[in-house]
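See below for the structure under consideration.
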Amino acid sequence: MTTQHPDTPETGITPGGTSGAFRDVLSKDHARRGKPPLHFVDMTPEQRVEKAAELGLPKFRVKQLANHYFGHFDVNAAEFTDFPAAKRSEAAAAFFPQLITEVTRQVADEGTTIKTLWKLFDGSLIESVLMRYPTRTTLCISSQVGCGMDCPFCATGKLGLTRNMSTGEIIEQVRVAAKMMRDGEVAGGEGRLSNIVFMGMGEPMGNYNSVLSAVRQISAMPPEGFGISARNITVSTVGVVPGIKKLTAEGIPVRLAVSLHAPSDELRDELVPMNKRFNTKQVLDAAHDYWLASKRRVSIEYALMRGINDQAEHAQLLAKRLNHYGDNWAHVNPIPLNPIEGSKWTASKPEDEQRFLEILHRAGITATLRDTRGQDIDGACGQLAAKER
């Protein structure tokens, strides 16, 4: 059972999405648009069987389709060799409509970082970033077109929010990346996609239902999912407290990442506008509750900005606030600020970054300076702007 904190509002996200005044924050600039075509992963098991029946296909064909998609990353009718030849194209069109189309692919870090710009069915643009490390391969995926959080140092935040992405649009990013790894399209040869981070475009808690459905299917074993362990999936948030509480209740052992960026309300109000709705205490209370329930250490994301939030007093206050809840429940990831066009914010001096880390370490806080992968292709944290080049 989670601890109740009197300052934390109990209202917010409901099974149907968001409610009340909270909705306008997550849906700022949201335009009503047509929905993406219904994809296999958007359907319930019953809907899949019904769709198959409409095509004159028996129930067992649904499992074959699932195996093609999750087990072999196939959506091409030519690969459905276990299907009647006359039904292959019809089944592919009905269950696997094309939801994302590659526009550009940019490569950095000697071919181990790949940023892909995708066009969705309505012309919207989103990006994903695939990063190969010596011991793992991580895909950073988007969950919304744009973002309504309006953080001034983030390129995505400057776009505003266009719409939520469907489960299918989210999962297709994963399928394509998994296929790229299997087929050896990433420097280093054939491999396996091992980690997923919801740290691309958008606020995942603002598209909770689609994100959760994606998490469940990404982590389920084939033929129900891709078989990527939930422990290797990270769901990030700027501090949408109702979403954190809802995720806590799910009992899925994903890692929670909180984009804190400041240790005080005065400073965080400026850097993360959502703080005016859910303040630092409420966010940290909810994050600590997540740790209590899951025993998964929470990641605290902290973009270091020169002369803004990178001084000794900031590190000391951050350590004090985290230690208030006890030991070893959170891991801090200071992130050297990645440059974005027209921004007044700049990266911290290297010596200030190291001092910040040392202060946290002396206070008993585990902290690791984040790698800035993909910076030269605008693929690093805070740089995703979905621009055609």
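Cβ atoms are placed via backbone N, Cα and C, with glycine included.
Straight from Swiss-Prot, the features:
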type     : residues                                               : note
ACT_SITE : Glu127                                                 : active site, proton acceptor
ACT_SITE : Cys381                                                 : active site, S-methylcysteine intermediate
BINDING  : Cys147, Cys151, Cys154                                 : [4Fe-4S] cluster binding site
BINDING  : Gly202, Glu203, Ser236, Ser259, Leu260, His261, Asn338 : S-adenosyl-L-methionine binding site
DISULFID : Cys140-Cys381                                          : disulfide bond
DOMAIN   : 133-376                                                : domain 'Radical SAM core'
REGION   : 1-23                                                   : region 'Disordered'
Neighbouring recorded positions, C-alpha within 10 angstroms of Asn338 (S-adenosyl-L-methionine binding site) - of Glu127, Cys140, Cys147, Cys151: none
Assigned element (helix, strand, coil) containing Gly202 (S-adenosyl-L-methionine binding site), judged by DSSP: coil
DSSP three-state assignment for Cys147 ([4Fe-4S] cluster binding site): strand
Of the recorded positions listed as Cys140, Cys147, Cys151, Ser236, Ser259, the one whose CA lies nearest the CA of the residue listed as 'active site, proton acceptor': Cys140
Pairwise CA distance, Cys154 ([4Fe-4S] cluster binding site) versus Ser259 (S-adenosyl-L-methionine binding site), rounded so that it is a whole Å: 12
For Cys147 ([4Fe-4S] cluster binding site), nearby residues of its own chain (Cβ under 8 Å, 6 or more apart in sequence): Cys154, Thr156, Gly157, Leu159, Gly160, Leu161, Met201, Gly202, Glu203
Largest inter-residue Cα distance among Gly202, Glu203, Ser236, Ser259, Leu260, His261, Asn338 [record-listed S-adenosyl-L-methionine binders, Å]: 19
Glu127 (active site, proton acceptor) CB neighbourhood, other CB atoms within 10 A: 25
Fewest Cβ neighbours within 10 Å, where candidates are the binding-site residues Cys151, Leu260: Cys151
For the binding-site residues Ser236, Ser259, Asn338, the one whose C-beta sees the most other C-beta atoms within 10 angstroms: Ser259
Distant-in-sequence Cβ neighbours of His261 (S-adenosyl-L-methionine binding site), under 8 Å, six or more positions away: Cys151, Arg268, Leu271, Val272, Glu301, Tyr302, Ala303, Asn309
Residues that sit under 8 angstroms from Cys140 (disulfide bond) by C-beta distance, when 6+ apart in the chain: Ser128, Val129, Leu130, Met131, Val197, Met199, Gly200
